[in-house]
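Take a look at the structure below.
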Amino acid sequence: MTKILGSDLIKRGMAQMQKGGVIMDVVSAEQARIAEAAGAVAVMALERVPSDIRAAGGVARMANTAIVREVMEAVSIPVMAKARIGHIVEARVLEAMGVDYIDESEVLTPADEKFHLLKSDYTVPFVCGCRDLGEALRRIGEGASMLRTKGEPGTGNVVEAVRHLRKVNAQLRKVINMSHDELMTEAKHLGAPFELLLQIKTLGKLPVVNFAAGGIATPADAALMMELGADGVFVGSGIFKSENPEKFAKAIVQATTHYQDYDLIARLSADLGEPMRGLEISELAVQDRMQERGW
């Protein structure tokens, strides 16, 4: 029996449809409905948001399928779910359930420290994290249809997301301005497929969308990432760990859409209540930095 796979064009096109929007982490049908009402373009179904995963420690796995199913039945917008890096069966289970996207995520404890999933072998599109252009292109080479910065999830601290997005964009500009005869050496340096560098040179951009994620906690954070060139934002703990999730959700969506309307962002930021409590990145031990997972 011939396996039917989704084409890159279709998978990447689905991701393009989320461009300019906000994708929110949710752990229940109620939260999913709040996210949809606030204007989220998609939701990520989890058992625990990243800050709770970080606090609990231990091994973080794919969410209980009952939670994923509950979220899928609660909303009409696309539903994403996370699988562990390299965990073939978690990804196959989520695909069989009919989720719209799978996030091969460093937020969960990696199942394989050497190999990422061969995402081109799945019908469902994948989103993956990256810290630099080399990571981005390796994931695209494996079949990722959408990228996001890794940032440092569950911290409410946007500094790492800023660092990663700026680095990817700086490396993109370098590749775009290279002559063709320099691309093979750069591909070797980045540890990335030559064909993808050639594609970037031709297109003048990444072949897939790149969202910002990891530490976005306020409307201003979301607007900052859009200002820096993100195609949209993921918000993990920032909404449902804030004092007023409904207000924060709506404000972050509006700030993402109107990221250069600073008067509006000022008004959106008033009377929101307390944002989630933030963590200083330098206080995290290396083994506690989720961004270090994967390669």
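Glycine residues also receive a Cβ, built from the backbone N, Cα and C atoms like all the rest.
Since we're looking at a predicted model, the values are computed, not measured.
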Same-site residue for D-ribose 5-phosphate (record: Swiss-Prot; known: Asp25, Gly154, Gly236, Ser237; options: Gly6, Gly39, Gly134, Gly215): Gly215
Chain-internal residues, separated by at least six, CB under 8 A from Asp25 (D-ribose 5-phosphate binding site): Val43, Met44, Leu46, Val49, Pro50, Phe234, Val235, Gly236, Ser237, Ile239, Phe240
Candidate binding-site residues Gly154, Arg166, Gly215, pick with smallest Cα gap to Lys82 (active site, schiff-base intermediate with D-ribose 5-phosphate): Gly154
Rounded inter-Cα distance in Å - Arg166 (D-glyceraldehyde 3-phosphate binding site), Gly154 (D-ribose 5-phosphate binding site): 20
Winner by Cβ contact number (other Cβ atoms within 10 Å) across the recorded positions Lys82, Arg166: Lys82
